[in-house]
Each structure stands twice: as structure tokens, then as C-alpha cells.
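One structure is given here, and the rest of the page talks about it.
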């Protein structure tokens, strides 16, 4: 419990109120709905075959099927209405690939969303460091968005085929006894596939969420500033000091030349003044002696 309390104390849960974290929570929830409604499904439909000979009739033929919808392995026994052993009939179709692909994308989306939420809440600073985390997150999110598109479309087509293969009227056409006019065959219960319809809806909702999340992750990558021209790579900043130094050097040349011309003049003036002063000083004693 101490470890959990420390993690909760260090967490930055305000990110969950922002679009980046809030959409990730929705992705986590709807991923659970998507793979659970498909992966936990089991259905059943019921038919009746009434033969001319009542003793051979079977008024409660139940056919059960479930995920992953390998219908070619589902069978039931139907009377032949001719005496003897009943006829074993298999359904048509194998739709496990689209169903399993859909559930797999849902499970991996759930795991990735949960890991992303942990990173957002507890290591957000490292996530934003050098923009590497957001860039990886953007690429992975784009892949998941594409996978949700493919898996949802594939499962929608697979579900349509499952409905066709489990339609009691279609299955009745597979029973040889039902082709005889003296026998009566009818459906008793249709399979309830509302849960499977919901799974397809959740798949496309996940697609919308992952596409919408791309924009908020993209703003964290720093690519938007680079495209807008406000971001300057470090390689382009290096020539600036060279050009500045050249300009400064060019500006200092006139100043240096002016001082170079000024110093000799200053030296000459000082020398001339000193010379003149020294000459005056030497002449004074001579003139004073002459006066005496």
C-alpha cells in the first residue's frame, strides 16, 4: 500500500482533464467494450423438422455457435424422415480471421492506452523531453488508427457473413428431409446478434477516437512549430556567430585605422613640444649671463 500511495502522490492527474489524457481514457474504455462484446459472444438458433411420420420428427433442433465463428466446425443432427440414424449437418463458413483480428487490435489498444495513461500521469516530464516521446506516441497512434479502420471494416463484412450462415431459413435448406413436400420445416428462434452489432459500432467509435487523438499528440511533437517556421534546428544556428564576427571586424577596421593615424600625430606633437620647451630652457641661462 505504501508503494501505491507514493505513486498516487507523485502522479500528475491533471493531464486527464486535458484532451490528450481524456481521449486516452476513452480509448481505454471503448477498447474494452469492443473486444469484450465480440470475444465473449455465444449465440443459438432453433429449428423444427416435422416428418410425415410423427415419431421421427424433431421439433427442437438447437444449433449453438460462438467466437471465433469457425462455423464449418459447428454441426447438428437432423432427422431424415426415412427411418434410421439422423443426418449430421455442418454449417458453412470460417470467419475466425476477421473476428480474431478485431479482438487482437482491441486488446493491444487496451494495453497501449493503459501504458500511455501511466506515462502521462507519472513520467510526463520524460515523455516531453526532446519531443521523442510524443513523436513515438504519434507514430504508434497513427498505426492503431489504421488498424482500427481495417479491422472494423473486416469484422463488419465478417459479421454480415456470420448472419447469413446462421440464418435458420438458409440452414433449413441444408436439411435433405425439408426438400420433401410431405415434411414441414420451420424456424423457431433466430440468433440474437445485437451484441455483435454493438462490437462493430464500438470498433468505428475507436477509429474516430484514435484519429481525433492524432491532432493532440501531434501538437506535442514539436513538428507544428517546425512547419510554421518558428523552430530553427541547431545546425542552422552555427553560422550566425561567424557572420557577426565578420561584421564586427569590418566595423573595427576604420576605428583602428583612425587611431593608427592619430597616435603618430600625438607622438609628433609631444616630441615637438618637448623639443621646443627644451630649447627655450637652454637659451635662458645664456641670455641671463649676457645681461650680467
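Glycine too: its Cβ is placed from the backbone N, Cα and C atoms.
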Looking at 162-180, 181-199, 200-218, 219-237, I want to know which stretch TrEMBL calls transmembrane segment.
200-218
Out of 70-91, 136-157, 246-267, let me know the one TrEMBL marks transmembrane segment.
136-157
Going through 25-44, 101-124, 200-218 one by one, which has the most CB pairs that fall under 8 Å from the transmembrane segment (136-157)?
200-218
Near the transmembrane segment (25-44), which same-chain residues lie under 8 Å Cβ to Cβ, leaving out any that are not at least 6 residues past its ends?
16, 62-67, 99, 102-103, 105-107, 109-110, 113-114, 117, 155, 166, 189, 191-193, 195-196, 198-199, 202-203, 205-206, 209-210, 213
Please give the sequence-distant neighbours of the transmembrane segment (200-218): residues at least 6 beyond its ends with Cβ less than 8 Å from one of its Cβ atoms.
19-20, 23-24, 26-27, 30-31, 33-34, 37, 102, 106, 109, 134, 137-138, 141-142, 144-145, 148-149, 151-152, 155-156, 159, 224
